[in-house]
Amino acid sequence: MLGCGIPALGLLLLLQGSADGNGIQGFFYPWSCEGDIWDRESCGGQAAIDSPNLCLRLRCCYRNGVCYHQRPDENVRRKHMWALVWTCSGLLLLSCSICLFWWAKRRDVLHMPGFLAGPCDMSKSVSLLSKHRGTKKTPSTGSVPVALSKESRDVEGGTEGEGTEEGEETEGEEEED
């Protein structure tokens, strides 16, 4: 797991660092042109002051006709450190939880709760799209088939004498010899 996380973090740092041209050092020690320009050291001498392009090529800052050195930006550095801490913590938590579940499954400690373990019975659920909406469908008298077998007549509540065939005895009848 960490084998995937470390290259991903490295790629993130590389992409972020390539934006300002400082590489990975720009992530840990970002430079900025923000702040008061008068208390900074001049950069490039008179030629850089006369040519703003030369000033910027020297990776200096140019504002109001003054070419000056960049300063480390502590606010951006703090934000980068927090991003790095949260990313590493998330990767560590993910790795540990995967290892914990793998260990628990190998030791057969991980069990599904009882209400989730059984098969899914969809007959009790009500579908909003179904036409019947959970009502029990009972056959009407017109839709009952005419020829029913003996078992189905007994189940449907037929009387005791109705289901007998010729040659069978019922409890209340006696055979005449």
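Backbone N, Cα and C define each Cβ position, glycine as well.
Here's what Swiss-Prot has on this protein:
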- 157-177: compositional bias 'Acidic residues' (COMPBIAS)
- 131-177: region 'Disordered' (REGION)
- 1-21: signal peptide (SIGNAL)
- 22-81: topological domain 'Extracellular' (TOPO_DOM)
- 103-177: topological domain 'Cytoplasmic' (TOPO_DOM)
Secondary structure content, the topological domain 'Extracellular' (22-81) (per DSSP, counts of residues):
24 helix, 11 strand, 25 coil
On average, what pLDDT score does this prediction assign to the topological domain 'Cytoplasmic' (103-177)?
62
